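**Student:** Below: one structure in structure tokens.
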Amino acid sequence: MKIVEVKHPLIQHKLGLMRDHDISTKRFRELASEVSSLLTYEATADLETETVTIEGWCGPVEIEQIKGKKITVVPILRAGLGMMDGVLENIPSARISVVGVYRDEETLKPVPYFQKLASHIEERMALVVDPMLATGGSMIATIDLLKNSGCTSIKVLVLVAAPEGIKALEEAHPDVELYTASIDKHLNEHGYIVPGLGDAGDKIFGTK
């Protein structure tokens, strides 16, 4: 599995601000979107382009356009919604697919409860977004769902990832690509990433 920890100074600075225990919901939400936008830039660096001719102000001009597969953004409810706008800033024409998977706080197992995928999902590249890759259960369940629906081109964008989650994802889906702002130390006994961001969903939605 391709694993990319993006060490760009802008990303690391913004992520550092997000780790502040006293950060406001508004600021956390803004930074989540900003980091997501920067991760998208990295994750789409290998998209193929083609040369087309358009009519410019002084006559015909050749420009580069993205070619090939169309893109769908796949936020995992609910925290993934906090990353969606950051991706769409760079790819405004992307279709949105929504998957609902929550983690049972006692068993730490994923529980799927909702899906609404973009049309022709089998023809699209999926950018799956979720702030935290902790145990990997929710992400694996989402990718299972996408693959069962015919999607074969999948990239994962997360703000922070735990080694345990990376290992589980790689074992389940070695063909996907993972882009993260940070590979953190470990999971604690409650399944939270250390140092992590706390509960990203609560911080994005203001439901502490």
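Yeah, the Cβs are placed from backbone N, Cα and C, and that goes for glycine too.
According to Swiss-Prot, the protein has these features:
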type	residues	note
BINDING	ARG78, ARG103, ASP130, PRO131, MET132, LEU133, ALA134, THR135, GLY136, GLY137, SER138, ASP199	5-phospho-alpha-D-ribose 1-diphosphate binding site
BINDING	ILE193, GLY198, ASP199, ALA200	uracil binding site
**Student:** Applying the rule Cβ within 8 Å of the centroid of the Cβ atoms of ILE193, GLY198, ASP199, ALA200, what extra residues of the same chain belong around the uracil site?
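**Tutor:** These residues sit around the uracil site: PRO131, MET132, TYR192, GLY196, LEU197, GLY201, ASP202, LYS203.
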**Student:** Given the binding-site residues ILE193, GLY198, ASP199, ALA200, find the one whose Cα is closest in space to the Cα of ASP130 (5-phospho-alpha-D-ribose 1-diphosphate binding site).
**Tutor:** ALA200
**Student:** In terms of Cα spacing, which of the binding-site residues ARG78, MET132, ALA134, GLY136, SER138 are within 10 angstroms of ASP199 (uracil binding site)?
**Tutor:** MET132
**Student:** Validating a neighbour-count step here. Other CB atoms within 10 A of the CB of ALA134 (5-phospho-alpha-D-ribose 1-diphosphate binding site): how many?
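**Tutor:** Result for ALA134 (5-phospho-alpha-D-ribose 1-diphosphate binding site): 26 neighbouring Cβ atoms inside 10 Å.
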**Student:** Give me the Cα-Cα distance between ILE193 (uracil binding site) and ALA134 (5-phospho-alpha-D-ribose 1-diphosphate binding site), rounded to a whole Å.
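**Tutor:** Per the Cα atoms, ILE193 (uracil binding site) and ALA134 (5-phospho-alpha-D-ribose 1-diphosphate binding site) stand 6 Å apart.
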**Student:** Determine the minimum-neighbour residue: among MET132, ILE193, ALA200, listed as binding-site residues, which Cβ has the fewest other Cβ atoms within 10 angstroms?
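**Tutor:** Comparing Cβ neighbours within 10 Å for the binding-site residues MET132, ILE193, ALA200, ALA200 has the fewest.
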